[in-house]
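A.B. asks: Features from TrEMBL:
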{"type": "DOMAIN", "residues": "B:99-310", "note": "domain 'ABC transmembrane type-1'"}
{"type": "REGION", "residues": "B:1-30", "note": "region 'Disordered'"}
{"type": "TRANSMEM", "residues": "B:39-62", "note": "transmembrane segment"}
{"type": "TRANSMEM", "residues": "B:105-124", "note": "transmembrane segment"}
{"type": "TRANSMEM", "residues": "B:136-155", "note": "transmembrane segment"}
{"type": "TRANSMEM", "residues": "B:237-257", "note": "transmembrane segment"}
{"type": "TRANSMEM", "residues": "B:289-309", "note": "transmembrane segment"}
């Protein structure tokens with residue numbers, strides 16, 4: 001993929017430099033890394049703690065009264081009495097449902113957006129037709145439009161279609177394309193060799209066959225990257241699902257987290273429960289990141305800053 | 001998730017129109033029919049994406065502008081009231097408050113985030129370029145805003161949050177990060193700086209990789225020290241990348257919503273009632289869709305203006321290379 005650059009040996013590496021000159025830079029970099037990842041440990045530590053005991057052990061580095069009660073509470077497995085005894089609100093909450101909804105929402109919108117964007121990218125990169133550049137410019141321009149500007153009319157549209165609080169209404173604005181996906185794939189499709197395609201054309205292959213049998217398989221790597229990026233983006237989406245999917249049966253994790261937080265007792269919040277819920281919401285992306293981290297990291301800095 | 005720009009056109013030249021060929025495929029011309037082009041096929045391939053573009057981007061934009069000239073409470077039909085919404089907004093102290101609060105947020109957020117990111121990128125360039133380190137720095141960015149908000153809501157809690165505990169242990173006094181008017185916006189800015197710092201650093205880091213090594217070698221031979229090299233070579237050559245990063249992050253910063261909605265909800269009083277949260281409240285809590293649309297139009301115009309000014313003054317489309 002053209003988006004990665006192998007780290008070159010800089011002149012600094014070749015000149016002999018005393019190691020102690022790197023001590024301060026290393027300390028600063030490790031500090032930045034600590035600030036980036038240590039908060040996640042605190043989430044884990046708190047989620048495994050007994051909420052009622054947190055106040056007395058605010059700075060304990062290990063979980064306080066290690067237990068899984070907070071997770072049971074988040075998944076609705078704890079009786080109301082137990083929940084209240086452990087410092088929860090006792091309100092009915094079930095993150096299994098939100099987890100399921102998030103998976104459906106993110107998967108559907110990702111699958112649709114990537115596939116239809118790939119089709120469009122094929123037309124922009126490999127086909128010749130009048131008005132191609134103008135239409136592509138229109139796609140690019142929408143990348144600059146702030147979501148709030150289209151969110152209000154789109155809400156009205158979904159409402160008029162009777163699709164409020166349905167999964168279809170939630171995914172519709174994303175499922176046909178994302179401007180970024182069109183742009184991203186067009187770049188890759190343009191750089192692909194034409195030879196195989198030409199041979200196939202001489203054999204009488206139609207565009208549909210070329211798209212499915214030559215273009216898509218050859219672009220598997222960038223498509224996989226795009227699927228990852230889009231999925232994470234959709235998984236994290238908050239504003240739109242908040243507007244059109246706030247009923248319990250279609251509520252996604254981000255919205256559910258907000259609701260859970262607002263239900264938590266004001267004076268003494270259920271921090272263990274909140275952090276357990278946060279961890280549950282973060283876990284799928286964390287897992288993806290453990291497996292595909294390199295792909296994700298290397299995609300940052302794509303094109304615009306090339 | 002990235003900052004794309006329109007780059008070069010297709011690698012191929014349009015085939016010259018042939019007067020002799022009549023729909024016959026010419027070998028070596030990629031099999032295109034020279035007279036018709038691929039319009040029918042292109043229409044087929046582009047149809048779903050075009051549908052999305054028209055229905056969920058273009059039409060809503062026009063409808064949004066139209067609604068901004070109406071009074072509309074969702075029930076019934078919008079009533080045309082001309083520029084009344086805009087006149088009311090000009091007299092609305094909460095609008096001016098939102099504008100000021102958002103501006104304050106953007107300045108703190110962007111200054112901190114860009115400086116920290118630039119520092120981290122330079123550190124990585126100097127001592128460590130491994131994917132593992134870049135991955136750890138990127139982690140906060142991959143988390144939802146809601147998660148970042150809740151996480152810091154807990155760490156910065158006034159009563160038993162670890163940050164206040166450490167502050168007190170170090171001899172300082174507790175800070176009501178979310179509960180005090182003076183801290184509400186800086187806290188929001190800090191949370192979002194935390195989430196975007198590593199991502200922005202990676203973007204700048206990618207930009208650093210493009211600066212030709214020979215320039216550094218030449219500077220080193222000429223006896224240039226690290227500070228001189230930074231200001232005379234790195235910064236000027238990094239400028240196009242920095243401008244792009246700034247344009248994109250500033251536009252994103254103006255649209256802060258998630259972290260505010262989950263934590264302070266505009267409060268205390270109006271201290272964190274940023275533009276997008278105010279729009280959200282007007283449209284969805286108070287059912288004033290016309291007024292909310294007018295606010296959204298104004299926010300959009302501000303963003304266009306800001307992007308334009310940045311490109312103009314920072315000469316973002318020019319490179320000092322070559």
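Going from the start of the chain as shown, residues are counted 1 onward.
Heads up, the Cβ atoms here are built off N, Cα and C, so glycines get one too.
Unlike curated records, TrEMBL annotations are generated automatically.
Keep in mind the model is a prediction, meaning the values are calculated, not measured.
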A.B. asks: Can you tell me which parts of the same chain pack against the transmembrane segment (B:105-124), counting only residues 6+ beyond its ends and a CB-CB cutoff under 8 A?
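C.D. replies: For the transmembrane segment (B:105-124), the nonlocal Cβ contacts are 133-134, 137, 185-186, 188-190, 192-193, 196-198, 200-205, 207-208, 230, 234, 242, 245-246, 249-250, 253-254, 256, 274.
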A.B. asks: Any chance you could find the range in B:39-62, B:136-155, B:289-309 with the most Cβ pairs under 8 Å to the transmembrane segment (B:237-257)?
C.D. replies: B:289-309
A.B. asks: Six or more residues out from either end of the transmembrane segment (B:289-309), which same-chain residues have a Cβ under 8 Å from its Cβ atoms?
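C.D. replies: Residues 64-65, 67-74, 78, 81, 85-86, 88-89, 95, 247, 250-251, 254-255, 275-276, 278-280, 282-283 contact the transmembrane segment (B:289-309) from elsewhere in the chain.
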